[in-house]
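Asks: One structure coming up, written as structure tokens, with questions to follow.
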């Protein structure tokens, strides 16, 4: 029987540290529930001591999500560990993940502590965490740049103190695969008691080697990999979950290892994380990128038509990318719409289905055929959203080479109709100024990205917008329409609804 590799997902903690990413509690819960469907072993829900928002996010996941271990990060001090437990105490399977750096550069310049002091601090932290839960993980920050023999001493000490998982990070993404594999092998051979715990790795992607280093570690005895969906994370990101999992699966004859991941949920999870974080997946991204299973070369196309295995080592359906001959359009009924959503893996409540179907019909009037990508965009816009305080009723824009761009907008604000007009430096600017006049709200633009969902002149425009509020929180909004300006307006209205939702949530806490 093959050995198990545990998948520790840190999308909600390390992934959310990506510049410009900020998830509200509702969004964190959506991702957490999808991670349960994906069947990860551990969800690291956040860093409870870092901020009240992080604490509430971890607490919400701990309370609501079942069937998975929920971890909270804590520095190796009493205040952090106590706060982590306060957030995690209602979890079905709580894990406290405590850490301290072990490399000399961190000890000298950041911690200003001796090696012995760090070792004692690590042991005390594990003992304190162990007083709360039997599941305790210890991480030696910047482990790869640490003295190997000192690191082995620290790990042996925390294992003796009760740690059940020891994590060996390549915190700055400095390692090469052969080096990191040998490093893990050395630790496995020179750390007393290590055979009684799970050895974990956490690799960063600064040199583009996070996945390769993770697989090298697994090859040499690691049995937990810490990773994020789409590889998101601070700086250049983390090891991509989908690449680690499919690497182990596709080359199972080499590794002889399994994970518990439900691979058919990979693509859906990737799309959800991309939508909620506002971080698009690069087209040539392995496993989940738009081009991952496309073949343009004539020779490649000929080979794939004759036998897919000539140029495809993974079947797209294996990761949840489906193919269909069913085409939806303006004459399609609710039954066909629901059937296709079911085939794509979306399970909607009746109210959600009704909202999505209304939006589908609106878009089908302006687009001859609605593709699977269009359907996913519709669901991103209409289903995965907060309650609507603001709703777009209509938008009229006047623009041209000799005309001052002017927008007239009609909004429903808590059901009351409001109309405003504004001029701007361009049609989008005029539209946003009209929205700001109507709502009395104005935010700072961080980024504006427009993408065609599919090809063709009737393709849906997908606008992803990021705005910063007065408290420097960054919000992501998305709008979809065959009209670029309408999509832009919908994205801004979406952001305003998120901000209002967060404000009301904070008032009631």
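Every residue gets a Cβ built from N, Cα and C, even glycine.
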Asks: Which residue of 14, 41, 393, 414 does Swiss-Prot report at the same Mn(2+) site as 202, 204, 238?
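Replies: Record source Swiss-Prot; matching candidate: 14.
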Asks: With DSSP as the yardstick, break the region 'Regulatory domain' (391-509) down into helix, strand and coil residue counts.
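Replies: Its residues divide into 37 helix, 54 strand, 28 coil.
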Asks: Taking the recorded Mn(2+) site as 14, 202, 204, 238, identify the other residues of that chain whose CB atom sits within 8 Å of the mean position of the site's CB atoms, giving them in sequence order.
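Replies: My list of surrounding residues reads 10, 169, 171, 203, 205, 210, 226, 227, 228, 233, 234, 237, 239.
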Asks: Only counting partners 6 or more residues apart, tell me which same-chain residues put their Cβ under 8 Å from the Cβ of residue 202 (Mn(2+) binding site).
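Replies: In sequence order, the residues whose Cβ lies under 8 Å from that of residue 202 (Mn(2+) binding site) (at least 6 apart) are 10, 139, 167, 168, 169, 170, 171, 226, 238, 239.
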Asks: Please state whether DSSP places residue 238 (Mn(2+) binding site) in a helix, a strand or coil.
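Replies: Where residue 238 (Mn(2+) binding site) sits, the three-state DSSP reduction gives strand.
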Asks: As a test of the contact definition, list every same-chain residue at least 6 positions from residue 204 (Mn(2+) binding site) whose Cβ is closer than 8 Å to its Cβ.
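Replies: Correct list: 169, 170, 171, 172, 173, 210, 233, 235, 236, 237, 238.
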Asks: With an 8 Å cut-off on Cβ-Cβ distance and a minimum sequence separation of at least 6, pull the same-chain contacts of residue 14 (Mn(2+) binding site), or say none.
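Replies: Within the chain, residue 14 (Mn(2+) binding site) has Cβ neighbours under 8 Å at 44, 226, 228, 233, 234, 238.
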